[in-house]
Amino acid sequence: MARIVMKFGGTSMAGTERIRRVANIVRRHQEAGHEVAVVVSAMAGETDRLVNFCREANALYDPAEYDVVVSSGEQVTSGLLALTLQSMGCKARSWLGWQLPMKTVEAHSKARVDNIDSEALISAMQSGEIAVIPGFQGVSMENRITTMGRGGSDTSAVAVAAAVKADRCDIYTDVDGVYTTDPRIVAKARKLKYVTYEEMLELASVGAKVLQTRSVSLAMKENVRIQVLSSFVDENAPLADDMPGTMIVSDDEMEDVDMERQLVTGIAHDKNESRVVLTRVPDQPGAVSSIFGPLADASINVDMIIQNVGRDKGETDVTFTVPQADLARAQALLEEKREAIGYNRIITDAHVAKISVVGVGMKSHAGVAATMFKTLADRGINVQAISTSEIKVSVLIDEDETELAVRVLHTAYGLDATDEAA
Ligand code: ADP
Ligand code: ASP
Ligand code: MG
């Protein structure tokens, strides 16, 4: 017998027929003797619809009221799943964020879990009741509804798993695990049996949306075992205890299970970046600080930065990227500071994509970046900016070349599935 938290994403919860399939998976795990809590997302597309309502109602919406609206999608699916489980003869009830309570801190629409009062939840689970918890939502210290950022149900699930000391957190989605790259883009992507927390964290943060970045850092901190697996299975599919999906493991565990690791574990892409170029910035101390200081003060996240070789007259061009959602704000801010910074022109381009290769093998092996640049150059793909970390190399390219770049890099690093494995 184990204590497990099962999380089901939007596609898994899209409509009563799909919810019945989810309920069947949950019921089978409980019948196998497990104590079960379930965390659910809103139906696919529902959160987008609710966000649009807020925008239509008031373009400058109050984030606290936004949270009231957008958290409602999960309230619906948690109630529907509890009802469906009851119709199958299971004991089940929903626990909304404020009922648990799941206390959060920091800003509305991007709140962080602070603590979960798990006592009542654990005793309900021990009594054989299935706890159904809406993901994404919590309650602030001021007793108002909060949400935890898009994709936040993954983080809710990990937080619940940590609070109830679950043996495992199974994240059910519409693919059967974590792949070497998005399997919807590269048909030859290979499913990974194991991936380390560190690699998953890096992959998620550079665009592999299969897990929310925060859920991975929380799991790493709280030592929560995560498995990513598919809810799109037939009625008698093996239970999650057989580990059909991808396990997120520590470095030490990885050493034991996979001795022949590839240099590169995965490739991710992100089309939500945009590029900003400031021309003829004075090439002198304090210049870059006058650009990036105001952006940081406005909470605009700058990712890649390049300062070009100085021009003749003590001037240089500075190129950097900001999230597309913040581009208009960044541009307005920089235009306002034009005299103080002293640049000539501002050029922006939202038609770019960031491609990243990730792998802990990079720590001890040189040449990963060189392979990346050569592979892209051979295909005539121009690199507009570069950034690196200990286990990652990212490049910025034209958005139209995203799929091609991911595919050729996937082949270049030897990640393509062979026919037998595919
Ligand atoms: P959910 O609604 O279940 O939370 P998401 O849409 O958030 O699901 O995440 C699942 C999707 O993540 C998949 O459909 C897949 O297209 C995408 N994805 C991106 N990169 C990867 C990857 N490396 N491995 C698996 N899936 C990936
Ligand atoms: N429903 C929320 C979203 O679409 C949270 C989630 O599904 O994880 O972002
Ligand atoms: Mg998701």
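In case you wondered, yes, glycine gets a Cβ from its N, Cα and C as well.
What TrEMBL annotates here:
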type	residues	note
BINDING	LYS7, PHE8, GLY9, GLY10, THR173, ASP174, TYR179, ARG184, LYS209, VAL210	ATP binding site
BINDING	THR47, GLU74	substrate binding site
DOMAIN	276-360	domain 'ACT'
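Residues LYS7, PHE8, GLY9, GLY10, THR173, ASP174, TYR179, ARG184, LYS209, VAL210, recorded as contacting ATP, have a largest CA-CA distance of 21 Å. Distance from the CA of THR47 (substrate binding site) to the CA of GLY9 (ATP binding site) is 12 Å. The two recorded residues, LYS7 (ATP binding site) and GLU74 (substrate binding site), show a Cα separation of 12 Å.
Note: the domain 'ACT' (276-360) comprises 29 helix, 30 strand, 26 coil (DSSP; helix = H, G, I, strand = E, B).
Close to ligand 2, meaning a Cβ under 6 Å from one of its atoms, is not one of the binding-site residues LYS7, THR173, TYR179, LYS209.
Checking the binding-site residues LYS7, THR47, GLU74, TYR179 against ligand 3, not one has its Cβ under 6 Å from it.
Long-range Cβ proximity for LYS209 (ATP binding site), meaning a same-chain Cβ under 8 A and a gap of 6 or more residues, is found for GLY151. The DSSP secondary structure for LYS209 (ATP binding site) is coil.
Around TYR179 (ATP binding site), taking its Cβ as the centre, 25 other Cβ atoms fall within 10 Å, counting all chains.
DSSP assigns GLY9 (ATP binding site) to coil, not to a helix or a strand. Checking the binding-site residues LYS7, THR47, GLU74 against ligand 1, none has a C-beta less than 6 Å from an atom of that molecule. Sequence-distant neighbours of GLU74 (substrate binding site) (same chain, 6+ apart, CB under 8 A from its CB) are VAL40, SER41, ALA42, PRO134, GLY135, PHE136, GLN137, SER153. In the shown protein chains, 23 other C-beta atoms lie within 10 A of the C-beta of GLY9 (ATP binding site). For the pair TYR179 (ATP binding site) and THR47 (substrate binding site), the C-alpha distance works out to 26 angstrom.
The secondary structure of THR173 (ATP binding site), as reduced to three states from DSSP, is extended strand.
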